[in-house]
Each structure stands twice: as structure tokens, then as C-alpha cells.
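Peer 1: Pulled the feature table from TrEMBL, pasting it below:
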DOMAIN    19-82  domain 'Sushi'
DOMAIN    83-143  domain 'Sushi'
DOMAIN    144-212  domain 'Sushi'
DOMAIN    213-272  domain 'Sushi'
DISULFID  243-270  disulfide bond
DOMAIN    331-394  domain 'Sushi'
DISULFID  365-392  disulfide bond
């Protein structure tokens, strides 16, 4: 305070009064009336009046006052609540996902299959002036449109004013004057309007083509056509053949004209109802002939050491005509060592990994052993030798070196002997 003569008086502020509140209590839904907003302290027992914030309204019957008591603001019972926005109208061909209509809440929208949303997909309840309202205009669902379908050369389709989801367009080829090659429709004749991941309208696939397709007029030797007599053939035309009596068909009976002017499958052939002798390795045919009639059977017998895939040594197959045999299988052979086993001996000449009939080998025994049989033997087939494979026996000279007991043990065919050992020798266990 300014005193007389221009001097200033300073007023000292004492300590805070006991029990007073300083700052105002902050509520998310209400604020103090303007007259209280600049006040710095509030004595205990002071009551402050509040008003609801924008977006909120008073709850009827609730007090708008907050009281200071012992340096604290008493926690009031909520006296304001959120205002509500109006419920939007039903979305035609779509739906609104509503959890709440109160201030601050949001609504999301979606459309049925084949429709897309125009406008905001989400709106919120916000403050608008003194009240609340929706943040955006309500959206709507429109049927997904497609651009006009593509045109094709030498073809046409029925045009429309618009093309929307699920609309189907069917193409056809133009007619040509009599005597001219007609156009064939290649590909699916129809496409339809659908949509991509972003709900933009697209056509289900490429359009077909109209072009001239001509397949050759085929003939089958020893056969005839029973359907599709021609004489000209275009796309998707077919022919069915039949063989003359005494002949069987190899290939497909029915063939069709493809878009590249070729037949599929290839033209069949008619072959005489005979079968050439089947080619068998490591086995023989019984009876053996150059050709067999349809229905005639032949026995396949595998060579020694050879079997069929199922382990059997032989099987019977039947000529089905047209050079075809029923369930034909081949023989496979076990790999065996063709060389004879010679205990205490070896082959010194003619050794091979395989032998032909007439091959000769020479055998000798190791030192101390004597050959019993012929040293030279000849291969006679199927692992047989002529004369028989010789054997090697311990020589008499070597036997004389052994003590009597061991000699009798060896000569006795590896049988134990009770003869006592002579001097300088002890008994051993064989």
C-alpha cells in the first residue's frame, strides 16, 4: 500500500491457515464456476460450485458443489454425465457397429459382400456448439461397379447401361457367310464382375478369343469312324474310331480337336491281334515262338539264381492282342561269386569275374598241401565245373612232423583222442 509522501507499505503474508485448501479440485466432467477460478486458497469448510464441461450434462438431483475439509477436497459423487449423440439410421446393405452413443464414443461401418462404403468408415460423438453430434456425415453402401467388359475381335456380347457386382457377360463369335470358315470361341464364354482386396470392381478373368480352328480329317488304317464323320473339324469337335475284326486298338478311341488345330490324344492305330515274343532277359519262354495269337499264353521260366520281382521262379502271361501282354515281368539275378572256393588253395590261371561255357582255370594248393583231383577244370554253365573242383589235403610229410596224439586227432576227422601225450608234450584243448 502506498503511504503519504510516496512511501510504500509492505504487507507480510503469514503462514497458510490451518485446514485450508489451495488449488481447486480438477474433475474431468466439470469445472469450477468462473468466480472461483482465480482464487488461491480456500478455508476449511468452503464450498465451491462447479458447472458441467462441454459434452456433459447435469445429473438430476445431484449437487454441483465440492467442499474443502481439513486441507483436502472431499471426493464428490459424480454430478455430470456424458451427453449422447442420436442413434444413426440403419445402413442399407451394411451395418453399424455400435457400443455406445455417449460423448467420445465411436461407430464403425461395414458393407455387405458386393458393396463398398462411401464416406467415413468411422465417426465419433464430438462437441458441436453447446451440444454434441457426429463428427462426419453418415456413410452409405454402393454396389461395386465394374468398367465395361473388354471387346474381342470377331466377337460380341450384349451391352448394358452399367455393370455391377455379380453381373455376368457372355460372349459369342460373329456369324460368317456360308462357305467361309467359322470362328470358334476359345476359352470360357462368360466372365463376371467381382472385386479385388480394395473393393474395386474387376472382371473375373480375361475374355475369350474368336479365331478359326481347323483340324485334319484323319483316317485310321484297318479301322473306321463311328462318330464324327466330318469332313471338316473345328474346335472341340471329336472323332471316335473302331478297329476292323482281327485288329486291336492302341491309343485312345476318341480324340478331340484342340485350339491349336491339333488332335488330342494322338490318332490311335489298329494292329493285328498278335503279339511278338516278349523280350525276356535271364530267362526262357515255353513254348518259344516268334508270334503268338490273341488269347495264347506263354510260360516265362527264370534262369538259375534268377527270380521274378515277387520271388517266384516262373509265371504265365497271355497275349491280349495289339502287341500287348498281360502283367509282363522280367527276371532279375542274384550276384554270386562265380569262382569256386578252394580251401588251402588258389586259382593261378584263367581267373575271371564271370565265365562262359568252355572257360578253363588252373588250381594249385598252398605249400604243405597236396591236390586231390584235376588241376585244370572247365566251366560247364550254371556254376558247374568239369571235372569237379579239386580239394587240398595236408601232405604226409607235414603230418609226420606232428606228435602222435595230434596226428591221430587230425586223421580222425577232428575227433578227440584219449591217447596219452609222449614226453616233452602236454595235453591241449582243441
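Even glycines carry a Cβ here, placed using N, Cα and C.
Annotations in TrEMBL come from automatic prediction, not curation.
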Peer 1: Might you list, by sequence position, any residue in that chain lying six or more from residue 270 (disulfide bond) with a Cβ less than 8 Å away from its Cβ?
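Peer 2: Set apart from residue 270 (disulfide bond) by at least 6 residues yet with Cβ under 8 Å, we have 220, 221, 222, 223, 241, 243, 244, 247, 248, 249, 250.
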Peer 1: Would you mind pulling the DSSP three-state label for residue 392 (disulfide bond)?
Peer 2: strand
Peer 1: Please report the number of other Cβ atoms within 10 Å of the Cβ of residue 392 (disulfide bond).
Peer 2: 20
Peer 1: Mind looking up the mean pLDDT for the domain 'Sushi' (213-272) in the predicted model?
Peer 2: 94
Peer 1: I want to check the contact list for residue 365 (disulfide bond): same chain, sequence separation of six or more, C-beta distance under 8 angstroms. What comes out?
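Peer 2: Sequence-distant Cβ neighbours: 344, 345, 371, 392.
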